[in-house]
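Worksheet: one structure, shown below.
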Amino acid sequence: MNKQRTLSIIKPDAVEKNIIGEIYRRFEKSGLKVVAAKMKHLSKAEAEGFYAVHKDRPFFSALVEFMISGPVMIQVLEGDNAIAKNRKLMGATNPKEAEAGTIRADFADSIDANAVHGSDAPETAAQEIKYFFSDIEIVG
């Protein structure tokens, strides 16, 4: 057993489509437990800070603008191999390349409006969780 926590963000496009419950159902069906959650409309500074690792990439400005275009649902997921499990549920970054039945294949519109974000490694998961949640906000 490798119990982990990972950060997940349901992005503005998916929140707009009113599919938060469907995405949560997929988390829970795969054995992931939501141990913290909040809905938030990110400020530009929050989005820039969260995605600072990409600040020199050509897509940075568009990503920030997209992430502040509407509310997001941010959650901490916990479970065995939570990081890999969540990434498998999400599917490839580009929904056209995502396996059928993944969140992105089913709900994402484009590589930019791709429905969800998930941490990619234990180190980034820890940093991303701390960015949005204090220890007392996480149950379990």
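Cβ atoms are placed via backbone N, Cα and C, with glycine included.
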Candidates Arg25, Arg104, the one Swiss-Prot lists with Lys11, Phe59, Arg87, Thr93, Asn114 as binding ATP: Arg104
Integer Cα-Cα distance in angstrom, Arg87 (ATP binding site) to His117 (active site, pros-phosphohistidine intermediate): 9
Whole-number Å value for how far His117 (active site, pros-phosphohistidine intermediate) lies from Arg104 (ATP binding site) (Cα to Cα): 10
Inter-residue C-alpha distance, Lys11 (ATP binding site) and His117 (active site, pros-phosphohistidine intermediate) (nearest angstrom): 7
Around the Cβ of Arg87 (ATP binding site), the count of other Cβ atoms that are within 10 Å: 18
Lys11 (ATP binding site): secondary structure state under DSSP, collapsed to three categories: coil
